[in-house]
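Single-structure report; data block below.
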Amino acid sequence: MKVTVVGAGAVGASCAEYIAIKNFASEVVLLDIKEGYAEGKAMDLMQTASLNGFDTKITGSTSDYSKTANSDICVITSGIPRKPGMTREELIGINAGIVKTVSASLVEHSPNTILIVVSNPMDTMTYLVHKITDLPKHRIIGMGGALDSARFKYRLAEALEAPISDVDGMVIGGHSDKGMVPLTSHATRNSIKVSEFLSEERLNQVAADTKVGGATLTGLLGTSAWYAPGAAVSGLVQAIACDQKKVYPCSTLLDGEYGLSDLCIGVPVVLGRNGIERIVDVSLSDAEKEHMKASAEGVKKTNGLLEL
Ligand SMILES: NC(=O)c1ccc[n+]([C@@H]2O[C@H](COP(=O)([O-])OP(=O)(O)OC[C@H]3O[C@@H](n4cnc5c(N)ncnc54)[C@H](O)[C@@H]3O)[C@@H](O)[C@H]2O)c1
Ligand SMILES: O=C(O)C[C@H](O)C(=O)O
């Protein structure tokens, strides 16, 4: 199993590290445009192999896509991150150009690959990849919901004063401060609805804190987060590589599901060796349906800024 990660920055390197530590891939290629940077990150990570007990071979490349040839899975993390006070949507001007050239180069060298898009604004970048490559839709996957759901579970566990392993919940919708739709009505603590433990007001606070999860960290760190994003990407890569059939919310091209079409937005999907093997239609409350509709309008507005 060969995995390429483009962008050896904070998220790309974190993702490569988690993939290696989980020890399911034979090879990870890190590629970056900055001279020597990916080679340096790869060497540093390889020097953790005997300490962390993995056999995955990590190599680096400066813009040489021949090294990525025949990758089973490619991850795009190249692009600028936001600074405090910015929205993800403001990154579109620079990141659209980067994602365009990177995805074309990846597909040229790995025509059978499954592509995972991470660069922001992620739902719009995923849509862009559909527009400029001829990959089938089940092989183009946007990562955002897996991260947002992990943040939701963190906030739920905090409010419930319960261990995170007892908590389950999912966030669908656009990966943006306003567009996320935390499914509070479906969230559970060991199979019991969380509304049995938390007031509506506290649950609304959990949802609000979840939605600004990325902005909160950007304010604290001065740039956006990387540990949880890297771990979330590695989860998707493992689900595909190991044919796990796990359900994750991922950004995917919709064609009528959830009453939406011609956009990529986060919905629950089954991930296996073929990429997105099924879109799961979950029944939503009226409020969640309205929220999802507004979220889709936001994503479409950002898509409208693309020069296609
Ligand atoms: N979808 C998500 O959930 C999620 C989570 C975290 C970060 N992100 C996004 O991921 C992106 C990367 O974030 P980061 O913190 O790793 O940033 P970073 O600045 O640490 O790393 C980005 C890397 O991309 C490289 N790069 C730029 N142009 C390139 C090109 N044309 N080819 C190859 N490499 C190129 C840069 O040299 C840099 O090393 C940002 O757009 C950020 O908003 C998304
Ligand atoms: O917040 C960001 O800009 C980065 C990423 O989308 C995140 O949610 O951590």
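Cβ atoms here come from the backbone N, Cα and C positions, even for glycine.
As recorded in TrEMBL:
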- 1-142: domain 'Lactate/malate dehydrogenase N-terminal' (DOMAIN)
- G7, A8, G9, A10, V11, G12, D32, N95, V118, S119, N120: NAD(+) binding site (BINDING)
- R82, R88, N120, R151: substrate binding site (BINDING)
- 147-301: domain 'Lactate/malate dehydrogenase C-terminal' (DOMAIN)
- H175: active site, proton acceptor (ACT_SITE)
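Proximity to ligand 2 (Cβ under 6 Å from any of its atoms) holds for these binding-site residues out of G9, V11, D32, R82, R88, R151: R82, R88.
Secondary structure at D32 (NAD(+) binding site), as computed by DSSP, is strand. Here the CA atom of R82 (substrate binding site) lies 13 Å from the CA atom of V11 (NAD(+) binding site). Taken residue by residue with DSSP, R88 (substrate binding site) is part of a helix. Here the binding-site residues are R82, R88, R151, and the one whose Cβ sees the fewest other Cβ atoms within 10 Å is R82. Within 10 Å of the C-beta of G9 (NAD(+) binding site) we count 20 further C-beta atoms, all protein chains included. Distance between Cα atoms for N120 (NAD(+) binding site) and R88 (substrate binding site): 6 Å, as a whole number. Under the DSSP three-state reduction, V11 (NAD(+) binding site) is assigned to helix. It is 13 Å from the Cα atom of G9 (NAD(+) binding site) to that of R82 (substrate binding site). Annotation: R88 are the binding-site residues among G7, D32, R82, R88, R151 whose CA atoms are within 10 angstroms of the CA of the residue listed as 'active site, proton acceptor'. For the NAD(+) site listed in the record, the two most distant Cα atoms among G7, A8, G9, A10, V11, G12, D32, N95, V118, S119, N120 lie 17 Å apart.
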